[in-house]
Amino acid sequence: MVPLVTSQAPTAPPLARSGTSKVRHAAIKRRRLKNLGIFALLAGPNVALLLIFVYRPLLLSFYYSMLQWNMGSSVARFIGFDNYIAWFTDPDTPMVMGTTLIFAVATVGGALVLGLALALLLNRKLWGRGVARTVVFAPYVLSGIAVGMLWLYIFDPRYGLLSTLLGAIGLDSPQWYTSSPWALIMIIIVYLWKHIGYVALIYLAGLQGIPQDLRDAASLDGATKLRTFGSVVLPLLGPVTFFLLITTILSSLQSFDLIKAMTDGGPLGSTTTLMYQIYIEGFQTGRAGYASASATILFVILLVITAVQLKYMEKKVHYS
């Protein structure tokens, strides 16, 4: 009888397999370290800039708010939360916050409504609309101080262009500089003139991103243009509106240059917002600790507003 001979492929020794596994793990580790190094190289400068110019000033501002410190003095005394207590009990605080609220509501609401209306107009197939878009956006890139100085001549009660136009139809020009309500209205008008172009162009980009098929389908169903706008266009502009709502609120609450150029917070503090109060306390009266407390309060307000908007709009903002 012939014996049965079987053959079996040689297997690698356990030590060889272990060595291969170690080599593979080492290669993966080197690749991860390389990717980490590339990430650090690319993101490192941005992180460093954020730490130096955003988070460090924020922490320093909170630290200074705990001090009784006058600008220019080398002596500071730790007083805890006394600056915050002083701010909340200051008799000028209700007026400052009221002015800030009125200014924010008027500028944010006006910019969104007028910007959307202007975007709808620019979205039409009109001759020269490319030039019109440039002209509309131009004020936004101008310096706020330059814009304020320009509009001071327009609002001048004696020689201004607006006074001349009102006089031509038999009306007297309001005392824009010396009357409390008119001074704030003047600032709001100029702010809207400067920022409407930005809002309009962002809305225009959103309008051009809406498929024409959706509007045509609504028209075939018998919807009027107004109904189509309210039921199709406006909901699809939700993400754009949400973005503009956040950016315009932040911009409005931090507005400084127009107030500085046109009214300097007057008359009688009627155009002094919280942002401008920080400047007055820090650089005019020299109360750096109190100004830092006001700045921290403004930061908390902005943070809360943004958080509430993100939470509320989380399920509202969608494209489909």
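Glycine is treated like the rest: Cβ placed from N, Cα and C.
Annotated transmembrane segment per TrEMBL: 36-55 (among others), in sequence order.
The domain 'ABC transmembrane type-1' feature in TrEMBL is assigned to 97-309.
The transmembrane segment annotation in TrEMBL covers 101-122 (among others).
Same-chain neighbours of the transmembrane segment (134-154): 118, 122, 160-162, 186, 190, 193-198, 200-201, 255-258, 260-262, counting only residues six or more beyond its ends whose CB sits under 8 Å from a CB of the stretch. For 134-154 (among others), the entry in TrEMBL reads transmembrane segment.
Beyond the ends of the transmembrane segment (182-207), by six or more residues, the same chain brings 99, 102-103, 106-107, 110-112, 114-116, 118-120, 122-123, 133, 136-140, 142, 144, 147-148, 151, 155, 174-176, 233, 236-237, 239-240, 243-244, 248, 251-252, 255, 258-259, 262-263, 266-267, 270-271 to within a C-beta distance below 8 angstroms of the stretch. For 182-207 (among others), the entry in TrEMBL reads transmembrane segment.
Under the heading transmembrane segment, TrEMBL lists 228-250 (among others).
The transmembrane segment annotation in TrEMBL covers 290-310 (among others).
Non-local neighbours of the transmembrane segment (228-250) in the same chain are 104, 107-108, 111-112, 115-116, 195, 199, 202-203, 205-207, 210, 214-215, 218-219, 302, 305-306, 309, 313, 316-319; each lies 6+ residues outside the stretch with a CB under 8 Å from one of its CB atoms.
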